[in-house]
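A.B. asks: The following feature annotations were taken from Swiss-Prot:
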SIGNAL    1-24  signal peptide
TOPO_DOM  25-242  topological domain 'Extracellular'
DOMAIN    29-138  domain 'Ig-like V-type'
CARBOHYD  54  N-linked glycosylation site
CARBOHYD  58  N-linked glycosylation site
CARBOHYD  103  N-linked glycosylation site
CARBOHYD  126  N-linked glycosylation site
CARBOHYD  151  N-linked glycosylation site
CARBOHYD  158  N-linked glycosylation site
DISULFID  161-232  disulfide bond
DISULFID  167-212  disulfide bond
CARBOHYD  192  N-linked glycosylation site
CARBOHYD  211  N-linked glycosylation site
CARBOHYD  226  N-linked glycosylation site
MOD_RES   288  phosphotyrosine
MOD_RES   315  phosphotyrosine
COMPBIAS  327-343  compositional bias 'Polar residues'
MOTIF     333-338  motif 'ITSM 2'
MOD_RES   335  phosphotyrosine
């Protein structure tokens with residue numbers, strides 16, 4: 001290592017330490033400008049103190065940046081050390097940072113809580129040394145506010161209504177609140193940054209619009225509240241809601257019971273009618289057949305039958321399967337004449 005370069009770095013470190021000690025004990029008169037940034041975003045810190053550094057190759061420029069968590073901190077963290085005569089790359093660079101040699105600036109990648117603090121910069125240009133500091137403050141961005149009615153009081157005598165509104169956010173650091181009406185008039189004093197607003201309205205001014213603005217040093221978001229949805233005239237209806245509930249709930253139970261009971265009776269009647277329906281019987285047909293005797297018979301038998309009809313009637317019952325179509329109401333009788341052959 002070059003002895004001259006090593007000596008220069010030692011001198012620069014000594015001056016930087018002396019500056020930090022002087023600043024920490026309050027002996028310095030240097031004021032650190034404050035840089036406000038959003039948490040999680042990248043931030044560029046210029047390492048020049050309001051004048052352009054001559055980066056000629058004939059001149060030597062050395063930069064040392066350290067970071068302290070508090071003004072009186074005795075142990076500072078080394079962030080970057082850079083020697084222009086050795087090239088465009090720094091000798092040391094802490095993780096989470098990016099050094100830009102063209103404009104001599106330091107980029108903080110994705111601001112984190114541990115990135116917040118005092119950045120002390122020492123710049124050596126030939127025989128002159130500059131020392132200055134920058135304070136970085138990080139704030140979480142404010143989320144959209146929510147407005148709720150905490151309390152509502154109805155004055156029946158004079159028809160006025162008193163409301164207590166609350167404006168809150170879920171995210172955000174050092175959040176302050178301000179209230180205004182539709183015309184933009186601030187309803188609270190500048191010193192009062194409360195998230196609560198107490199208003200009293202008459203019947204003629206119940207349809208109003210109010211704005212709540214939640215803000216911090218890096219963000220500001222407003223939310224509009226329409227009072228017509230929370231009008232005081234709805235107080236009477238809200239008071240009558242308990243007895244309406246006590247009346248409507250039993251009535252609904254009775255109606256449901258009647259509907260279920262009616263459905264059960266109808267189902268039973270339908271099942272009974274299907275059960276009592278007579279089955280389809282097979283249709284019976286009766287066939288009458290006559291058998292006639294011919295030829296000589298024994299005399300005795302012939303004499304016994306002379307007074308009778310020479311034909312003998314035979315009854316035969318025939319069964320026919322029932323058709324699938326509509327059954328006929330009356331049976332059909334078929335008569336057939338059968339003649340016996342001569343013996």
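Quick reminder: no glycine exception, Cβ is built from N, Cα and C everywhere.
Thinking about packing and proximity, how do these listed features fit into the structure?
C.D. replies: Sequence-distant contacts (6 or more apart, same chain, Cβ under 8 Å) of residue 103 (N-linked glycosylation site) comprise 46.
Summarising the environment of residue 126 (N-linked glycosylation site), the number of other Cβ atoms within 10 Å of its Cβ, over all protein chains shown, is 12.
Residue environment of residue 151 (N-linked glycosylation site) contains 10 other Cβ atoms, counted within 10 Å of its Cβ in all protein chains.
The secondary structure of residue 158 (N-linked glycosylation site), as reduced to three states from DSSP, is coil rather than helix or strand.
The local packing around residue 167 (disulfide bond), expressed as other Cβ atoms within 10 Å of its Cβ over all shown chains, amounts to 24.
Taking Cβ-Cβ distances under 8 Å and a sequence gap of 6 or more within the same chain, residue 192 (N-linked glycosylation site) has no neighbours at all.
According to DSSP, residue 211 (N-linked glycosylation site) sits within a strand segment.
In three-state terms derived from DSSP, residue 226 (N-linked glycosylation site) belongs to an extended strand segment.
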A.B. asks: In whole Å, how far is residue 151 (N-linked glycosylation site) from residue 167 (disulfide bond) when you measure between their Cα atoms?
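C.D. replies: Checking the Cα atoms of residue 167 (disulfide bond) and residue 151 (N-linked glycosylation site) gives a distance of 13 Å.
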A.B. asks: Counting distance between Cα atoms, which of the recorded positions 158, 161, 211, 212 is nearest residue 126 (N-linked glycosylation site)?
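C.D. replies: Going through 158, 161, 211, 212 one by one, the Cα closest to that of residue 126 (N-linked glycosylation site) is 212.
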A.B. asks: For residue 212 (disulfide bond) and residue 161 (disulfide bond), what Cα-Cα distance in Å is obtained after rounding to a whole number?
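C.D. replies: Distance (Cα to Cα, whole Å): 20 Å.
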A.B. asks: Pick the one among the glycosylation sites 158, 226 whose Cβ has the fewest other Cβ atoms within 10 Å in this structure.
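C.D. replies: Output over glycosylation sites 158, 226: least Cβ neighbours within 10 Å is 158.
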